[in-house]
Every structure is written in structure tokens, then in C-alpha cells.
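Chemist: Structure incoming, see below.
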Amino acid sequence: YEVVTITGDERGAGTDANVFVTLFGDYGITPKVHLASRRTAFERGKTDVFRIRTHNAGPLKKIIEHDNTGLNPSWFLDRVVVTDVIRPHLRFYFACNNWLSKVEGDGLYVRDLLGTMDPMDIPKNKLVVSVFTGDVKGSGTDADVFFNVFGEFGDTERRLDSTKNNFESGTEDKFTIEAPNLGKIRKITIGHNNKGSSAGWFADKVIIDDLGNKLVYEFPINRWFALDEDDGKIQRDILVGGSQPTVFLEGGKFERSLTDIINVEIAALLSPLSRVTIGHDNTGLSTGWYCEKVVVYCPFTGIEQTFPCSKWLDEKEGDGLIERELYEMVSLRQKRQKHPWSLWIWTSDLPGAGTDAEISFQVYGEKGKSDEIRLDNKTDNFEQGQVDRFMQVELPDLGKLTKLRIWHEKRNPFAGWHLSKKTLTKEKYTFPCERWLDTNEDDNEVVRELPATGELIYRVTVCTGTVSGSGTDASVFLNLIGDQGDTGDRDLINCKNNVNKFEKGSLDEFIIEAVAIGQIRRVRIGHDGKGGGCAWYLDKVIVREEGQAESDAVEFPCNTTYHIAVKTGDIPGGSSDSDVFVKLYGEKGDTSRMMLVVSANNLGNYFETGRVDIFTVETFDIGQINRLMIGHTNKGMRAGWFLDSVQILVPVHGKNYMFPSHRWLDEDEADGKTTVELYPSEILDVEEITYEITVVSGDIVFGGTNAKVFIQIYGDKGKTEVITLESRSNNFERNATEIFKQEDVFIMTAVDLGPLKKLRIRHDNSQSHSSWYLDRVEIVDTKEDIYYFPCNRWLAVDEDDGQIARELVPVDEAFMRKDEDNGTSGTLGLEQKMSTTYTVKIKTGEKKHAGTDANVFAILFGENDDTIINLKACKHYKNKFEQGMINEFTVEAVDLGDLVKVQIGHDNSGSPGWFLDWIDIDAPSQGQRMRFPCGRWLDKGEDDGATVRDLYPADIQTEFYTPVPYEIKVYTSDIFGAGTDADVFIVLYGRKGVCSQQKHLCVNKRERRLYFERGAEDMFIVEQLEDIGDVIEKIRIGHDNSGTNPGWHLDRVEIRRQLRKGKGSETTIFPCERWLAKSEDDGETVRELVPSDIITQKLLRDGTLKSTETEVEDALEAHTYTVSVRTGDMYGAGTDANVFLTIYGDLGDTGERKLAKSENNKNKFERGEVDKFTIEAVDLGQLFKIRVRHDNSMIGADWYLDQVEVLDVETEEVYMFLCERWLSTKKEDKRIDRTFYNKVIPYHFTLSTGIDRDASTTARVYVIIIGPNDVETDRLWLDLPEGKKSFTADSMEHFVCYGTDVGEIKRVELGHNGVTPESCWLVDELSVAVPTKGIKYIFPCKCWLAKDRGDGLTARLFNVLDSSTINIIRKVIYSVTVVTGDTQYAGTDTNIFLTVFGANGSTEEMLLPKNEDFERGQEDTFTLEIDDIAPLKKIRVRIDGSGSRPDWFLDRMRNLTTEEEYMFTYENWLSKTKGPKRIKVCELAAVVDEEEMVEKTTYIIQVQTSDAGAGTDANVFLIVFGEYGDTGTLPLKESTNRNKFERKMKDVFRFPDMLSLGELSKIRVWHDNKGPAPGWHLEYIDVKDEAMDNTFRFPCDRWLAKNEDDGQIMRELACANNDSVDLSDKTEYEIATTTANTDDASTTENVWIVLEGRKARSKEFVMENKKKKFLSGATDTFEFSSKHVGEIAGVCIGHITKDGKKVKNEAFWHVMEVVVTEKELGNYFFHCDAQIPLAAKKDQFLTFECYKSIESFASKVRNLVPVKYEIIVITGDVKGGGTDANVFITIYGVNGDSGKRQLQQKFRNLFEQGRTDRFVVEMLDLGELLRVKVEHDGASPNSGWNLECIEVTNTANSVTTIFHCGKWLHTAKADGQIQRVLYPRY
């Protein structure tokens, strides 16, 4: 903005105070900006012009103030004019014509000026304020009353004069105020300063008459303004027509690390707030305050907002502000609906009454109950005889409170507590207690229910059943549930009548105290399942209130299950959408009305025509059912219902009741009833069924068992008890068939199980020879239904998977018979695979003595069931649970449901202490791999002493997939040596690259020896494989080449899986007929096979199997991939380990292949070598990533992998994967397994860790970037570089990760995988830069990511709205290939630097990533991030001559590709000693399509020294800048004169073979200040370009001397050749319009445009639509000549009919972009994307602002005038923040850079802690500043430097740019860098 102040022509009008301005606009408020005055500003009658740079506030409303300092601060301001420089048509006039003074006028030195765009319209307004003082004794005041009026356009503040005895009791005082037009008045603030003898004031009301707007406002008050009256406030906010309480943060302590909670009442509901302003009045002793954050919670909206500050409000710290505007961190916003209460707790005054335990409580009311609330037990809470007050306890709205439950954690040694009473205040409730909460006192209870009203005692009698074994030893709990709440779970410990509780047939009486909970409706009772005989048969519970007769007792019988089957009639319209209810009437009573909501057969949509819905209800036993009532609620679209019949099965009674109905329940049908009573037509006894169980043991050596066998059968309608199968001593012998007539067993349950679902069979492993091979179980019921349960597995600890229990499912008879026909048996794997295999991995911790010898047990708890895991047989280790070991177990169970938790523990035998790290469970049935973290001891003497723990899954580590069981048959060929003992694995692939995991077919060595023999057919059931879709595109099968004869000749593989629809299966055949052997065929041990045929078998309705065979038509083709692996050329880069590669494409992957045999090197993976391998695979499509790993074997396993190139031989496509990382357990991040991508973009992350003591973390940190529509990257792991173990406190780490391009970033998730206390982490700041988009986000975090700190989260989502956004240089990713010459000694190990020059600028010098040396004849490829400066013109390559081989023969550089490919050829030496040129730097022209982008030329440089004692003996250097970059540093050595640079002399220097720079813009000339007389007065320099035959003159006429002029020895000289543009001339404009690429975007009519320039406005140009212009997606160009409008700020575009006809139908032209070009000034881009409506006149148009302009080179050159830049450097006020090193700065602007300038001053100690240093440096105008680079040379011992910020002011236009740093430049702090690139923040 340009701010012009006009000081009035009054006596003493000028001021020497500091003047500030704040702009209030439609888009926001700018910060307070200082109008940096030169001493002569603000003098009487003067006009001063200032430029301020701040954010766009939009159309302006008002501005203000000065600070009243200096000798004569009073200032008479006439007016202010503010212009938006970017949009000069926005000019605002602010009239003042008043004093800003404490002593003149009305005493205000802060004014609100209202703006207008019309200089004539000066908005002034008069307000008549009438203040009415109340007629109350002592109501008048002598204090000064102040008054603030708030309107929609702003506010104005005044002091109301109280000298003339104003504000007396019962009076009205009138004041007239001149104020700007505030618009509609909303509220006033009124108060007084409490001065005088009787300051207290009772105000009645205020009336404001707004004369300008002719409106009257009334503000009723009727309150005291007095410290000793009412609420003690002397200032109030009053709303129009509404009375109004307070604002001021009173009563806060504001002490270090304290949180102050202050209640503020405001009359206006402002939540959610947009921002808050916080500050203090700076009075008192230590006024400085460091505010962490402000949290505002509004109970009305329930919104809690967090406003982070983390800054000082202190005149002496930081930026010296004591008032700040804070903006909300949106990602922390919470919504909660709570009501604050205060809670007082009295602890009794008895010895030992206090407690150290954590106290929790829960409040119950009429409307529900609160959450459990834990009270913080600091060490001194809950002490004997003490009252503890907890303010701000937040409770939901519970209505009238009925009771409070309070308890404590009894774990603590001093947990016992005697509680006197509690009170809750909002409305006051008291909860008396006077009891112990202690397991050793009173009744041993640690839970108390405290009634809010009268106390009640319930006597509860628990009746245990008389069934054998019905008693229990478990701990029983009970909850009474009434109309007004419940008692909570109470442990039944103290029995009043029996010592041994809950025994068979006993009645145990207990006393329960509680509040009035109304009529008791239900009882909830249960036990904890602990103890040997924990099972309990409960008969009933009887409850009566103390003091009532026995006859009033309520009996709650233990529930009976009723299965209700409801049949809807098969009649059109018979279905109902209404809710159905039922009530049963029986001989012992009737049930309540029960809604039938969730059916047992879960069909989802109930009561549909002709359907049977089965519901299971539990209620008390009503005996025999006499009748039932059934009906519906008559709600829903089609409520009417035709009920056919109801059937009720009561398994306990063995009865089945039939209730026929066959009628409508519909208001509109039959008798209109919707409820009916039904009577049973017949009552059937449920038949008792005899099951005949046949158990077949397998025909295998030692297949029999002597152990006890148990069986349990599950059917649709229930399950049997566990039945022991024992008859004779020699049961279960090998190949024997036992028959058990089991009738007596089933008499007890007497229930038909319905169709059988599964059976569970196990043995107790009790005898010697317990191992048992079970073939199958057959069960025949009395209906002659036969069920086959095939098993074909061992039940043995030492065989198979080590399990001694199996769950079997029945299989259709047709499938059993199918095998008998073939004469084989036991191939039924797939059909019986209903059970789920869980693979359990248990990791013992790495701590000392972490292992255990105790017997470990585990129980998996699912939603439906649980199962015990036998942890005796581990797959891999005999000695289990040793330190750091992972043990794997397998368990099978049928349908546990989703896993909820795992209970794990041990029996404390042996040396029992065990540190369990985690448990992993792979559950294919749920498609989940779950991690259950533990990280704790199971040890009596460690941690909390527990030896059993419940573990819960960690969501972040759960992986999901879809599993399907596959039956895989492998046929080994019948030829000599065909069999193998190797470990065979398989992978299956579906469409689009979906694949399963790699699965090993054999579990152990014993199986490997048994399977894959010559001519054998082996079958495997594999279920832990993901669902890969309907089609198997290919499989990969291979082996690990282990064992004695690993060579294997595979004939074919058949894969069978069940059909998705119907019963049956599908078999896919994959022929192979090749060797998988190192010594046969092509030496490969892995093959990819594609299918030839598919056989489908379907079970038909008549029970027969139908087979069909089809041939696979379009199988994938095989491709050959040539893989070139380049090892880095650095010390120790090679490896002898085994290397494995996986290639991924969009059609699949190759699987892991060992890179065994290099085609070109005998010894592979040696330093600097390229190894070639061939991989055969089925077509992978487009490749996008590779995975490389090695097995860390052999001595030199560490490997530096440079790059991998993959060539698809068939398509000839090459894919480059840049690696440039170590695969090593010792270096970088210690990983030997890496993944590399080729279609991703780089993200740069910087993470700063906080300073706290525990701030650091060793956890693995990740970031996820989230874009629009929740598109997100993978989890990008930020792995620390080699040598760094953790993110240490106060450190800063940088990472570059490649991830998916998500578009515009919306949110960023930061988290880590640590769950232990050591992994807590305090994050200070996260910055995310996206170089390819030129943007950087800085997120202030300042929060813990820790399980046990802060809010317990280890991951946070940061909203981009909370970040500061900075524009950085946009980068483009180029791939650069360097080719070293094929000549002797051509290679080098020196550092090589590259600078790239383009038409739109140049890059800084970049070091090429030397991962190894550049060897003779070698091609090295890198990816580089290069500034967006295309098209490229040339490059400069420089070597620094370091290393043992500094000479390099550079052949060429090629394909710096994006879309275009550039070639740079040199074919010569870069060397001080070799080649013809003996140079270390060369420039190469870009060649595109064999055309050089820049020509060669010779530059002749003539240097004219002045005639003013001006010669120099120093060495002079020069850089010439032009259209195509610069020449680099040219030392001026070989002149035509022997003695150079003498007075009045002209020296000529010739530089042949240079690349032409085109038009020249400037030169930079300097000397090294050496020699006796270095000072030099330079007249001018001429540069002649011989190829162009053009001479450029660069005048200087200045000193380059330390002790002359301004002391600079470097000057930039602008070219004097360019004529200035005469803006009064006419010029040519070229206008290019681009129409949108949509169907309806085009137009047949004309378009017109007006250019809005900074200097003038053009006339309307009509773009005539001849020859089909403005078509969809087209770009059309028009030329116009016009007067010069200067820089173009905006355009107006209209759409007009051709001949001025009226517009009949609405029509639009959709324009995307307009580009206006003026050859002298450059290109202006307007992004429109708008529909321009068609009109008949030119009165309709749309306006667009210029979003980007590219200045022409000629225009840039004209702007190069010398400018003095003031550089202010602020050093951080941090201990040790100052530096003694030499500091350098380079400033970059749109016109180029300043060169590296040292910041120095004579005789001054610079850059000291907390100091501000000022420098003035002259350079050519850089235009808008883009960035600065600050560095120091680290040359002194105290060179570390904390830089706060740098301000650079262009003194010519007074524009200041601020570059914030706030970081260390220190080799030992933060990231160890001593240079920083800073970008401006606006």
C-alpha cells in the first residue's frame, strides 16, 4: 500500500512521535505498521509518502495512531490517502482535520478515520449521547466516565466530561460526539476509572441519537459500576436493548506452567470465534509474560477452540509486543456439551482416613448418568480431615441428580480412605458417606453409592440351583436396575447367613445400600469366570427393601430362552414395515411386552411375504405357556401385516408350541385390529434324539491314542455338553473304527440340535502314546441323517501343528463318494476348511533376563467365542520364549468372530520372569493381521507384579486382506531325480496385479522329506492367502535350493477353490514340465506358470456332480526383463551377500528373485560395477517400483546401491530406479531392505524436536500427506540417517521422501509407532515443502506425541489452515546422465558442480551426488531438482580438483529431461594438468534436435580507469550477465598493457570461445583489495560481442575502495545501451484467449476487452469472430495498437452480439485464460475460468486481475538502477546466540541476485545476543525480493549463531521485506548447518 499523510497547516502541527497505521478492510485487519519516518516527516503543512507491504485487507474502512513519544508529540493531521499499489484503482481517502494529542483538542492521540473512495464525500457524523444516572442513594460519581460505541463499520472511543458536576443522582447528561459514520450501532462499552471520593455509580440507561442516520438506540443498564456493589465491576458491555455483564481476565495467577481458568460473560454469542486478541497493561514488577495458548470454551455452542501463542508478551523479549492477535488452530477444535459444577469432598478426621489412590466418581440423574470422571490425586489431596475442592467438573445435563457412585483403585499400598461427605454445587447436592472405602475395613467395599436423598437398604437373596455341580467359586457381582437408575455392579462378598457362598441349593443373603432407584425392574448378575469350578447354575434372585414385609419381595428367576418363529402369510401385500411385539402368558406369570427387533437368522428385512423370522428372547421362566399376544405398532409405509402362524420352542422344557393365526393385523382389513391374542393349537414334546457317533482312526504308524477323548457337537439349535468317549481299554487303535451308542448321554439335554454345524474333538494328552491320527468322525441321528466330519490330521503335540484339539465341519456325501469312486480317500481338504487357522507370533523383549521357562498359556477372545492356544509346539524353536526371540504357533478354531483381546500369562514355574514385547495374530477368516502390543513384564517381582495380562489390538498396526482357502495339488514328474527336499513356495496372481503372499507349502523338514517325491501327487490346503479375484492370471512356484537333492522336475500344478455361488469347485491347471534346478535347464529355481485349462464341478439338485472343462484363451505372455544393477563407487560399496529383487508393475510382480548370476561379471556387486541379469516373468505391464534386499550374509555384506535400470525386452521400454542408499545394518538407517519408485514427487520434511528433558524419541516416525477427497500418500517413514539413534531434544532433522502427488495439501498426519514410555516425543515444528509446486507449509506443533503424555495420542492431524505458507522456488525433476570419456585415466573422484541456465533464470551451483566415482566410459544418471527455468540454454560444469584423481575427461551430459531432451557435449578434459585448455570449468550449450540453443562468440572487454589518482594493483574480476545467464567469474589478467588498471588507461581483455549471452543486462566487477594501493576509480567498461557485432557500455564513475565513497569494493553496473520506453508513444498489444474445453464453451458472437493499466485505461478492443474463432479448447490471437497503458493490472472482458441485436436466449462464452503481450514490457497472464454472459450492449462484463506477469528481458534491464538496500539483522535473544564469525548474505530478486556480500562495519562488535545490526549495501534494483541466503564462515571459536530475522528495505521505494529465520546456524545445534535460505512471510 502507498500511504500518504498530509499534516495540517496549524501552529505546532508537526510531530516527532512514532506514527502507526492499522488498516481495517473487508478481508481482515493488518498488523500495526510503523510509518518509518525519516527525521523530516510529519512537519507542518508537509505531505509524506510511505510504502508498506502487508497482506491484502480488501476495500478499506478505517485507520489510526501515534505513540505520544518525543519532545512535541502533538500532531494535527489533515487527511490520509491510501492506495493499493497492485490495484491502483483502489484509492481511499480518510479525512481527519483534527489533533492527535494528549493536550490539544479532545485529548485523543488514537483516532478512527473512516474511508471513502470519493475525495469529496468526507463521512462525518454526530451522535448525541444521553446518560441517565439512577435515582438511588449514592448513585452519582465523580470519576471519569469513558464510553466506546461499536457499529457495523467500526468503533469510536470518548471520555465523557465529568467536570461540571455531571453524573449526579437522578440526572440526565447530554454529550455531542463527532464520529465517523459507524453504520448500525451494535453495542457500547461504558465504565469509569474509579477516581474521586465517591466513585461508585449506578447507571440507569444510555440513549444514543444518531443524527446522520436518523436512528435512536436505547441501552438499558440498571446496574452498579462500583467495586463494593453488585459484582464489583466498573466496566460493562451493553447490547442494544439488552442488559449486559463483564470482560477482563481477573483472578488468574498467570504463573509459569500454570493453566488459569477464567469465566467470562459476554452479552453477545460470538462462538465460534475467528480470532482473539490477548494482552496486558504492563503494570507491576515482572510484567513480561510468556503465553503458551488460550483455550476458549463456549458452553452454549459446546465449541472449544484453541488459539496457540507460544510467544512473549514483554517489552524486553522477542519483538517487544504486549498485545497479540491469536488465530485458531482449527485441527484442535472440539465440540462438547457439558455443564460445569464444583465438587467438594470432605475426608473424615480419623487416623489413616486419607488415601493416595486415584479417586473416580460417576453421577446419576433422572436423564441418565455421566462418564466415569477421575480426580487428580496430587500428593496432598484427600488427606485426613481435609476438604478438597474441584472447580469446573463438567457433567452432561442429567436433570435432577439421584446418586453418586465413588470408588478408588485399590492397587495403591495406602489406598484405604474414610470419606465423610461430598457436595456438588450448581444447584447444591450433598452426598453423605461416613464410611470406609477399604478392602480391610468396614465391609471391605471400595465402591460406595451415595444417595442424594433418603438412604435405602436392599436385602438380596441369591438362590443357587440344585443341579449337580451347580455351585461356583468365582467372584459374583450384582446390579439392581430400577426406574430411576441402577446400583452399579456390586461384588457379593459379605454373605449374612453362609460362610461358603453359592453352593448347590443354598440361599445366600446380602445387604446392598443404594439410593432410591424406584421400582426394581431387572437384576443383572454374573461372575468373573475365575477359579477351578467357576461354572454356576443360578435358580433365582429375590430382592426386598429393608423394613418391608417378606411378601413384598420381588423374585427374579434366572432367564429361560424362548425361540419365537413368526411366519408371514404368502399373500400379496402381506409384509409389514412396522415393529412387531409379543407378550407371553404362562402358569407362573407373564412376560413384559417384547419388541422383536433382531432375528436369530438375521435376515435384515423382517416380516416379508411368505417368510419365517426366528427371534430369540430371554425372560424369566413363566412355566407352561397358556396364550400369547402379538401385534405391531402400525408405523411405517406399509404397516398392515398378514400373520400366518407363530411357533415357540422352549428348549429347557423340551416343548414346542404351535399358535395358528392366519389373519390380517391391519386397520384397513378384516376387523381392523393390529393386536391379537392366540392360543396354542398343539404342544409337542421336543423329541430326544439318539446320535450314533463313529470315530475312525487313521491307518498310520503310531496313529492310535491311549488318552481320554472328548467331543462336543454343535447344531443349528444349540450344542451338547462335553461328552467323554471311553468304552474299552484299546479304543482308538490304528485303523480301528469305534462305535459308541451314546443314547444315555443325551437324555439330559433332550434337545434336537437340528442340522449339525460342527464338532469339537480333543484328547487330554494324559497317557504315554497320546498322539492320535484321526481320520474322520461319522454321526448318524435317529432320522437316519448321516454327517461326515473328515479330519485326516494328527491330534498330537509333536506332529503337524502341535494342536490336540480339532474343530471339524460336516461335508456333503457326494464329495465323500467322489473320492471312493477314484479309489483314493482323504483329498477332501477344501470342503472341510471352514475352521480358521490363526497364526500366533509371540515376541519376547530384548531386555536382560527377558526370557522365561514357565509354562505360558494364551486365550483368544472373539466376539462369538474364545479358544485356548496350546503354546507347547513352536514351529521353529525347541527352547521357547528366549530373549529377543519370535515364536510362532498355529491354532484352529471355528468362528470366534472378530478378535477382541488376547489374555496371556504363565504359571510362574521355573525361572518365570518374562518381558513380553508383543503378540502378532494372523486371522485369515477376518482378513486381518493384528498386533497386540505389551512392552511389560509378566513377573511377580517387576512392574505391577501381574503374571497375566489382557492385550488389545493396536489399530494403527492392523493390516487387512481378503482370504480364501485354496486346495493346491502339485504333480512331480516321473523321471529320474525329479523329486526334491527343498522348501517349495507358491504365489497366486489375479487381475491388475492383485496377488497373495508367498506361502511355503511344507511346515517342517519332516514334511519336506515326505512330499515332492518322483511321480507323486501332493495336496495342500492353504487358507492364509488373500482373495485375488475370480481369475487366477498366473502363479509363481519355486524353491530355496536347500536339502540334499534340491533339483526338481515339476509336471503341473492344479489349484481348486470353491465356487462363489452354489456348491462345487473350480480347478485351474498350470502346466510346467520343466526343471527347477541350478544344474539343469536354464539354472532357474523359480518359474511363473500361466493356466491352460479350467475344470468346474457343480453339485446339482439331485445330489450328483457335473464336470465341465474349458480352455484358457487369453493367458498372459511371458516377457524377458534385463536388469542392470549399478553398485556405488565408494569405499566398501560392494557386497558379497545374496541379493534379491522384486519388480512391481500394474499387472503384477515378479516375486522375489535372487540375482544369482551376473551376465558380465564373474564377481558380482563390486564397487563401481554394473551387473546385468535376465529375469523371465509373465507380462508385468507398466513398472512403477522395485524392492531390493540382501540377506546380510558373508563378511562384507554392506552394499551401496546406486541405481537399477530395468529394460522390458519385448516393449523396449526402460525404467530407471534411482537408489543412492546403503543397504547395511551399520550405515544410514541400518536397513537392508528398500523400495524405490519411479512415478512420484519429492516431499521435503524438516522436524524440530522440543527442548524438554524427555522430548526425544527412538520410535519410528512417519508422515502421511492428505489432499482433497482424502487422497493420501502411503505412510512415509522418516528414518534417521546413519549414526543417529533418535530425534534428540532441541534437534532439527531433514528428510526427503518420495510419495504420491496428492494435489493441493489439505492435512498432514504426523505420528510414530512407539507404544512404550521411552517413545514419548515432543514435536516443536514440522515443515513440509513440495518443491515441484513451489510451496512450503510450516506447522507449529508444540505438542506431545506420546501414550502417557498430553492427550495420549501418538499421531496428530495438522490442518493446513493452521500452517504458515511460504512460496519457495518451484522445481522440476530432471534426470541427468553424465558420460565419462572412454580414454586413459578419464575417470575421477573429484567433486563436480553443475549450474543450469535457462531462458527464465539460472540455478545455483549444485554438487552432483557422487555416490561413487565417475569411471572411464561409464554413464552415471541422477535425478536433480532444478528450478523451473526452462527452456534450458546452457550448463556450466566445474570441478574443484579435490580427491586423488582430480582430472576428468567429460564426454557429454544428456537428457535433462522433462518432456524435452537436451544434449550437452564437451569431449575434453577438465583438468589443471591435462588437455589443451588446462581448465577446471567449462560451459556447454544445450542442443535440442541437433540445434544449439546459444552460439559461440568472443567477448572483448575494455576497462577504462578514471583520471582521479585511480589505478589499482589488486586483482580484478568480472561477471557479465545477459539474456542467457552469465559468464561466470572472469579474472582480468592478460591485458594489452603490461601494467594494468593505471590512471587514464584503457585495458583490453579478450575472451574467445565463450557462449554468447545475447543481450547484456549488467556486469559485476570487484577486486581482492590486495597490493600496496588497491583503491580504484573506474570510469566505465565496454563489452563487445564479436558474433553480434555489438558493443555494450557499462558506465561506473565510482570508487571501488575500502576507504573512499561508501567503502564497497564490488559494484554492479547497468547497461547504458537501452533506450527508455516512451510511454506516450503508441504500442502493439497481442491478446491470446483460450476457450474452455467443454461442449458448451464456444461462441459465434464477438468478444471485447479493455486493458486496465497502472498509467491509463485502454479503449475497448472488439475481437471479431471471423473464421470460426472461440471454439472449444482453441487459443485465438488478436493484435491491437493502442496508447501505452503501463503495467497491466486487470482486464475487463465482455461478450456482445455481432450486430447489436437483442439477446433472445441466455448464452455464455466460457473463457479459461487470457494472455496479453507487450514486447517492451512482457507477458501478463489472467486466469479466468468464467462464463461471460452475452449482452446487446457493452454494459455487462467481468473483471479479472493479473495473477502472473513475466517481464521482458529488455524491461528488466531498464529497471536496473543502483539502489541502496538497508539490511537489518536481528540476532536471537537466546543464550550463546551471538557469533564472532564473518557473515555473508546473498539477496535474490526477480531481476537477479546481489552476489555474496559480507556484512561488516568498522570498529563494531556485530551480531551479539539480542542485538539489531544495520547495514546499507548498494546494488542494482533486484525487483521484488524472492529469498535471501545467509551464511557464516565458522571462522571463530564462538561462531554458532541464532538468527531471529532479517529485514531488507529498498530505500528507493521504502518497501520492506521480512525474512523470518528463528533458527541456529551452528555446527553443533539443530541440523548442524551454517547457512540458511530464507523466504519472505507476508
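The backbone N, Cα and C atoms fix where each Cβ goes, glycine too.
TrEMBL feature annotations, pasted as is:
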- 1-114: domain 'PLAT' (DOMAIN)
- 456-560: domain 'PLAT' (DOMAIN)
- 560-679: domain 'PLAT' (DOMAIN)
- 689-809: domain 'PLAT' (DOMAIN)
- 836-952: domain 'PLAT' (DOMAIN)
- 964-1090: domain 'PLAT' (DOMAIN)
- 1119-1237: domain 'PLAT' (DOMAIN)
- 1241-1359: domain 'PLAT' (DOMAIN)
- 1372-1484: domain 'PLAT' (DOMAIN)
- 1497-1614: domain 'PLAT' (DOMAIN)
- 1627-1746: domain 'PLAT' (DOMAIN)
- 1763-1879: domain 'PLAT' (DOMAIN)
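Help me picture where these features are in the structure shown.
Modeler: The average pLDDT computed for the domain 'PLAT' (1-114) is 82.
For the domain 'PLAT' (836-952), the number of residues in each DSSP class (helix H, G, I; strand E, B; coil) is 0 helix, 61 strand, 56 coil.
Residues of the domain 'PLAT' (964-1090) grouped by DSSP class, helix first, strand second and coil last, total 9 helix, 57 strand, 61 coil.
Per-class residue totals from DSSP over the domain 'PLAT' (1119-1237), listed helix then strand then coil: 0 helix, 63 strand, 56 coil.
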Chemist: Hey, does the domain 'PLAT' (836-952) touch the domain 'PLAT' (1-114), meaning at least 3 C-beta pairs closer than 8 angstroms, sequence gap 6 or more?
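Modeler: By the criterion, they do not touch.
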Chemist: Does the domain 'PLAT' (1763-1879) reach the domain 'PLAT' (1497-1614), going by 3 or more CB pairs under 8 Å (6 or more apart in sequence)?
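Modeler: Checked: the domain 'PLAT' (1763-1879) vs the domain 'PLAT' (1497-1614), in contact.
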Chemist: Just give the helix, strand and coil counts over the domain 'PLAT' (1627-1746), going by DSSP.
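Modeler: Counting residues by DSSP class gives 0 helix, 68 strand, 52 coil.
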Chemist: Using a Cβ distance cut-off of under 8 Å, indicate which of 836-952, 964-1090, 1627-1746 has the most pairs with the domain 'PLAT' (1241-1359).
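Modeler: Stretch with maximum Cβ contacts: 836-952.
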